[in-house]
Amino acid sequence: MAAARVLRTWSQNAVRLTCVRYFQTFNSARVLKPKCVCSVGYPLFKYSQPRHSLRTAAVLQGQVVQFKLSDIGEGIREVTIKEWYVKEGDTVSQFDSICEVQSDKASVTITSRYDGVIKRLYYNLDDIAYVGKPLIDIETEALKDSEEDVVETPAVSHDEHTHQEIKGQKTLATPAVRRLAMENNIKLSEVVGSGKDGRILKEDILSFLEKQTGAILPPSPKSEITPPPPQPKDRTFPTPIAKPPVFTGKDRTEPVTGFQKAMVKTMSAALKIPHFGYCDEIDLTQLVKLREELKPVALARGIKLSFMPFFLKAASLGLLQFPILNASVDENCQNITYKASHNIGIAMDTELGLIVPNVKNVQVRSVFEIAMELNRLQKLGSSGQLGTTDLTGGTFTLSNIGSIGGTYAKPVILPPEVAIGALGAIKALPRFDQKGDVYKAQIMNVSWSADHRVIDGATMSRFSNLWKSYLENPAFMLLDLK
């Protein structure tokens, strides 16, 4: 009888158990974790959807947070503040430029990760900032208190949940790469990164953009090309360099920063390399004529054509025959790594100092494509805007010291590379032809330096002879172009 009374009471007062959803907040995103919602009645157990809605208030985010300098990559631990784009009291949005910093390898624009008001700048111009340390204080915008209806939805399947987690993975990319993607309306989730741990590099963005839009302009019809009239060659005089101001007071001491600091590291390491030199003379008479014919064609396509694209392409063809010159050695010279890509560096003299950006994959580029890339690097280099990707990864280097003046040089190898060439000025000099007649020749001298631990003189000489043959007879390059 007692059991019957208990059963009757249970049937009259059905027990309803409700397990409520709860919320956890990670950063600024609210993640819903559902618990089961069920009702228990007699004599049948069944699952049902709740008919009510839960209400929650948005998290108030009006607080001052420290914006720390993120890891820029390439082992960079400190940078110099070159320019502030904001000041205290300014209002910024996500991806707005905060400042321009310069490391010993590249210049990088730092962008905001928050919407808010700048409360404090931790550094002045030319101060040294360290990775992981606060850069600015920013008061994030407060979200107005609001209540949101939470609509109950069926449980998400395991496959869907896994897919969402993959989508939510963090994309590895530097602020400069993210800004480049944003300026070109590219979603980083659609780009496959080729860097370490899937990091998206600037090359990946440019490659993705080229696939979407195409980067090479079609050649212009010959009928539209109007070569500029030849200009009279006046005698030029060197422009006198302005004398530095004379300091009559105390001596001045400045820290070594930026590209100068990079030169200290690189040249100190280069002292450990036993250099040997090799020089030769190149007759560029035929190449000078060919360039004069192609200059208006390239100009019609919007590209300034110099001699360097020909020098780089000839060097790449030579490296295919002598891959040891496109190799690198480890610190103790115990291992040699033969590089598949010909990333040929070009030494540039800029207001910021000596920089050596490199043209990637010269072995698969045409002379015109090399000229396009050189134009881009020169524009960025003159304004101090070269990125880390442009300044790293070189495998072989040419230095055009002749553009400033000089005939010979003793170039210093850039570790871990094993060879470098210095190009002198092109001069009109008398030479004898095969018949013994004197003619006006366009002569350039080249000075090579190589790592004598792994390169012998015969190898350097054979490479130089092959490179020379391509430049003295440009038509020969057509036989080996791929």
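Including glycine, each Cβ sits where the backbone N, Cα and C put it.
Among the features that Swiss-Prot reports, active site is placed at H452 (among others). A sphere of 10 angstroms centred on the C-beta of H452 (active site) encloses 15 other C-beta atoms. In the three-state DSSP classification, H452 (active site) falls within coil.
Neighbour list (D456 (active site), Cβ cut-off 8 Å, at least 6 residues apart, same chain): empty. If you look up Swiss-Prot, you'll see D456 (among others) marked as active site.
Residues near I426 (CoA binding site) in space but far in sequence (CB under 8 A, at least 6 apart, same chain), listed by position: L284, V288, F307, G402, Q442, I443, M444. Feature annotation from Swiss-Prot assigns CoA binding site to R291, S306, D349, Q378, S399, N400, S403, G424, I426.
Residues annotated as compositional bias 'Pro residues' in Swiss-Prot: 218-231.
Looking at the domain 'Lipoyl-binding' (64-139) alone, the prediction's average pLDDT is 86. What Swiss-Prot lists as domain 'Lipoyl-binding' is 64-139.
Taken from Swiss-Prot, the feature domain 'Peripheral subunit-binding (PSBD)' applies to 172-209. Residue counts for the domain 'Peripheral subunit-binding (PSBD)' (172-209) under DSSP (helix as H, G, I; strand as E, B; rest coil) come to 23 helix, 2 strand, 13 coil.
Annotation for K133 (N6-succinyllysine): same-chain Cβ neighbours under 8 Å, separated by at least 6 residues, are K68, L69, Y122. According to its DSSP assignment, K133 (N6-succinyllysine) is coil. According to Swiss-Prot, the N6-succinyllysine annotation covers K133 (among others).
According to Swiss-Prot, the feature N6-acetyllysine maps to K196 (among others), an assignment based on a large-scale study or a structure entry.
Around K196 (N6-acetyllysine), a 10 Å sphere centred on its CB holds 9 further CB atoms from the protein chains shown. According to Swiss-Prot, the N6-succinyllysine annotation covers K196 (among others), on the basis of a large-scale study or a structure entry.
K202 (N6-acetyllysine) counts 18 other C-beta atoms within 10 Å of its own C-beta, drawing on all protein chains shown. Feature annotation from Swiss-Prot assigns N6-acetyllysine to K202 (among others).
Annotation comment: Swiss-Prot describes S220 as phosphoserine, evidence class similarity to another entry.
Annotation comment: Swiss-Prot describes K261 (among others) as N6-succinyllysine, evidence class a large-scale study or a structure entry. In the three-state DSSP scheme, K261 (N6-succinyllysine) is classed as helix.
Look at Swiss-Prot and you will find K289 (among others) tagged as N6-acetyllysine, backed by a large-scale study or a structure entry. K289 (N6-acetyllysine) is surrounded by 12 other CB atoms, counting those within 10 A of its CB over all protein chains shown.
The local packing around K295 (N6-acetyllysine), expressed as other Cβ atoms within 10 Å of its Cβ over all shown chains, amounts to 16. If you look up Swiss-Prot, you'll see K295 (among others) marked as N6-acetyllysine, on the strength of a large-scale study or a structure entry.
Sequence annotations record features per position, and here Swiss-Prot assigns N6-acetyllysine to K304 (among others). According to DSSP, K304 (N6-acetyllysine) sits in a coil region rather than a helix or strand.
In the three-state DSSP reading, K435 (N6-acetyllysine) counts as coil. Taking Cβ-Cβ distances under 8 Å and a sequence gap of 6 or more within the same chain, K435 (N6-acetyllysine) has no neighbours at all. Swiss-Prot lists K435 (among others) with the feature N6-acetyllysine, giving a large-scale study or a structure entry as the kind of evidence.
K289 (N6-acetyllysine) carries a helical DSSP state (H, G or I).
The two recorded residues, K304 (N6-acetyllysine) and H452 (active site), show a Cα separation of 37 Å. DSSP assigns S399 (CoA binding site) to a strand in the three-state reduction. The Cβ of R291 (CoA binding site) lies under 8 Å from the Cβ of L305, F307, F310, each on the same chain and at least six residues away in sequence. Cβ neighbour density within 10 Å is lowest for K440 among the modified residues K261, K440. Candidate recorded positions: K202, K289, D349. Nearest to K196 (N6-acetyllysine) by Cα distance: K202.
The DSSP breakdown of the domain 'Lipoyl-binding' (64-139), given as helix, strand and coil counts, is 0 helix, 40 strand, 36 coil.
Ranking the recorded positions K202, K289, K295, K440, H452 by the distance of their Cα atoms from the Cα of S399 (CoA binding site) places H452 first.
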